[in-house]
Amino acid sequence: MTQQKKFAVLIIEDDTFLHELSKKKFIQQGYEVISAFNGEEGKRKIQQKFPDIILLDLLLPEMDGLDLLKELKENRATQHIPVVIVSNYSDRERVQKGLALGASDYIIKAHFTPDEIVQKVNTLLKKS
Amino acid sequence: MSIRRKEKLIHTLRWIVKGRWAIIVGILAVGLAQRSINVVSIHLPSSVMITLALTAITYNLTYYFLLRRGMRLNAWTLRILAIAQVFVDQLLFTYIIYISGSSESLSFIFYFFPILIATVLFRNIGILLFAFVNSLLYIFLIVIEMNTILPFVARYDFVSGIHGNIPVMISNTLTIVAVIMLAAFFSTYISNMIRDREREILTEQDKVNSILNSLPDGVIMIDVTGKVIALNPQGAEMLQVKASAIIDNILVKENFIPELQELGAHIIQQGSHTHIESKEIEVEERGMRHVYKITTIPVFNALGKIMGSMKVITDYTRERELDRMKSDFISIAAHQLRTPLSGVKWLLKMIIDGDMGPLNEEQRKFLTRGYQNQERMISLINDLLDVSRIEEGRFKLNTELQQIEKSIIESIRAIETLAQKKNIQVRFIKPEKLLPPVLFDKEKIELVLQNLLDNAIKYTKKNGHVLVNILQEGNMVTVSIQDNGVGIPQDQQKKLFSKFFRARNVMQMHTDGSGLGLFIVKNVLTTHGGDVGIESEEGKGTKVWFSLPIHRV
């Protein structure tokens, strides 16, 4: 995939296996991947460099995904960055809360392939 | 003497005092009227009459004031008061009989008053005893009059011939005494009857009260004017009110503490007079969260006239807390199960897609099979998740009034790829005119539609077809999905909607079904107030239909 500009995707995911797989997929698709394994680390990485898009897991050590999302969306500097929730929680309350807090999409990991996730991200980035 | 009996006795005595006022006025009127008739000689100076009237008034006033002390009087004082007044009445009437002509007097009729009073106050022996005393008083009067110990006061201006005629006097006296005793005897019968009825009512009331008081739920009954008729101790505790302060009074929001205002508002509300309503209310009280369910039931009397509404307050705190814990457990369990599965799924997909380097045909084939198995595992977990949500009664609906057509179109789109693979035509026959919107949960009904469409495609051979139809029948909208697939054996059709059931003929075709799909479908529709059914012939095809009410049931 040839891209004019390399998009930076921040993957915040504590499961190392899933993390590694999605990282590999996104790099192959021509993305620059920034990695974070917990909420606090994610926050630091965002402050270092604003990514173009964030893939956010919900159940994270140190800081819950939804809390991080809330902070990002309340901060003027970061609220423009699209956030896609990638979680295995499927209860309606969480999905609704995530979307209400300003997530661009909610992906249930087990229901999507890395391929499909990349496509979603592509579409979102094209829009913005 | 119990407090209730004491209250009752005081109440009765007060009524007797009131009744006596009527008697005093009545007798005074009779006396005055007789004075104006010439034949009847009331040889009674006005002064005596006035004295008599004043005596009666004073004595009745004394009772009145004594009784005003009410509950502060002890039981014995009340008993003595009850006996004394009947006796004093009898003495007064005897005196009236004397001054109005003794054996010639008709005033013996007044003796019925004390007997009536005795009937209200005493039992069999008491009544008969008073009648006996009464008779003695009368006989005594006649005897001393006969012996001229007391001067005779004639009733008439002429000689009636009764006074002095011993046989007539004896005969009259005996008749009068017999009538008094008979009246008393009959009174005992009436008194017993009244007492029996009273006892029946009290037992009935006791029964109702003990049932109400032993209920674990709070019960409060409010009449149509808003007055509280009944409240059990549990209700008083839940609402934090004092029963004695609100019973027989109109319930107002000031009766409730600030934390219970919302709950109170629902209690005060009269509610529907036609059907039962219920509502759950959360209350935050001293840092504790309580969930109360208020069920409002209209209450009718024996004639079918509305009396008011009964509110049953059930503490649902524990149940709701358990529900929450269960659902938390289920969503965490699902999350934990899915995480390793998604890892394997992603890995297999990436290998198959060649992201991890080239594959030969055989490797790709087997890995694809592995990937499909993985998908089955994930969908099994999803089914189980749905089932456990149904079973814990938490298949909460998120209903909205909407067109079902849109959901049908979206669901057909979702299974299109699957249908194309088998070259099965899925056709939706749209209704000619727009159907009324239906109240349903989009997510849940689309789950139903996808389940049914998935089945139709799965169990129809290549090049078959699936027809989706929609029509309005009465106040229901019915959606039907018809295929020309393998059908379901007749003897298996009944069990279709039970959990884990799979028809014999399809088990061999598709080994991977969980047997949960139709169970979920049935549950979703039941919670919507709808229905689902199947018509099928083995080898020819199956028609599944489901209906949803147009108006909320």
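Cβ atoms here come from the backbone N, Cα and C positions, even for glycine.
Pulled from TrEMBL, these are the features on record:
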TRANSMEM  B:21-42  transmembrane segment
TRANSMEM  B:48-66  transmembrane segment
TRANSMEM  B:78-99  transmembrane segment
TRANSMEM  B:105-122  transmembrane segment
TRANSMEM  B:129-154  transmembrane segment
TRANSMEM  B:166-190  transmembrane segment
DOMAIN    B:204-259  domain 'PAS'
DOMAIN    B:332-552  domain 'Histidine kinase'
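Looking only at the domain 'Histidine kinase' (B:332-552), the predicted model's pLDDT averages out at 84. Remark: secondary structure over the domain 'PAS' (B:204-259) totals 27 helix, 13 strand, 16 coil, with classes taken from DSSP. Each of B:78-99, B:105-122, B:166-190 was scored by its Cβ pairs under 8 Å to the transmembrane segment (B:129-154), and the highest score goes to B:166-190.
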